[in-house]
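Copied from TrEMBL, the annotated features are:
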ACT_SITE  C84  active site, nucleophile
ACT_SITE  H180  active site, charge relay system
ACT_SITE  E182  active site, charge relay system
BINDING   G52, E53, S54, R116, I144, R145  L-glutamine binding site
Amino acid sequence: MTQSTPVRVGVLALQGDTREHLAALREAGAEASTVRRASELDAVDALIIPGGESTTMSHLLREFELLEPLRTRLADGMPAYGSCAGMILLATEILDAGAEGREAVPLGGIDMTVRRNAFGRQVDSFEGDIDFDGLDGPAHAVFIRAPWVERVGPDVQVLARAGEHIVAVRQGQVLATAFHPEMTGDRRVHKLFVDVVARRA
Ligand code: GLN
């Protein structure tokens, strides 16, 4: 691929902070579009699952008949990045997944166990600078009723921790952060993801 052909990255737009990710992706050099239906998922090289509410997004994924198409794309190796609720959905196992019948559903993009609202039980939201493997200097991390990662599989790389808790991970072409880089002006995490997609495209 040439520099003049930008990668096409979708943002799942059923619920959550879609707009911030679209803006961040464009600033990171990608062509960005919303994904609400299977045909829109088919048209992108990669997908961001935004922050929001993972239980509601799970419900809407079923309603919009996107759950199985998305699982299939991930199983086929589509690059993906999930922030906060998106991290929860990308897991293989979710703890405290929500009320019965309304649980957040794991899509299985990263071999990890994530605890939903983990920090939320201690403090609803907080921010701070954390070291992030692969970035030149710390990232400012905003946590909002954020999950943390309690277990990672052998192929998962830990990219960042807040205290002892794992808050950013990567497995192959799939990234996840418990925090929201799209809410800061810092585009380095989105650039990192766009580079992952470009190298694969
Ligand atoms: N607590 C939310 C959930 O369970 C995540 C919060 C967020 O995305 N900022 O999905």
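Easy rule for this one: first residue shown is 1, then count along the chain.
Keep in mind that glycine also has a Cβ here, set from the backbone N, Cα and C atoms.
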Nearest of the active-site residues (C84, H180, E182) to S54 (L-glutamine binding site) - Cα to Cα: C84
Nearest of the binding-site residues (G52, E53, R116, I144, R145) to H180 (active site, charge relay system) - Cα to Cα: I144
Inter-residue Cα distance where the pair is the residue listed as 'active site, nucleophile' and G52 (L-glutamine binding site), in Å: 7
For C84 (active site, nucleophile): DSSP state (helix, strand, coil): coil
Sparsest-packed of the listed recorded positions (R116, R145, H180) - C-beta count within 10 angstroms: R145
Candidates E53, E182: member of the recorded positions with the richest Cβ shell (10 Å): E182
Residues near I144 (L-glutamine binding site) in space but at least six apart in sequence (CB under 8 A): G51, C84, D124, S125, H180
Rounded distance in angstrom between the Cα atoms of E182 (active site, charge relay system) and R145 (L-glutamine binding site): 16
Assigned conformation of G52 (L-glutamine binding site) - DSSP reduced to three states: coil
Cβ neighbour count within 10 Å of the residue listed as 'active site, nucleophile': 30
Cβ neighbour count (within 10 Å, all chains shown) around G52 (L-glutamine binding site): 20
Remaining residues near the recorded L-glutamine site, that is with C-beta within 8 Å of the centroid of the site residues G52, E53, S54, R116, I144, R145: G51, T55, C84, A85, I88, N117, A146, P147
Three-class DSSP secondary structure - I144 (L-glutamine binding site): strand
Other CB atoms, at most 10 A from the CB of S54 (L-glutamine binding site): 31
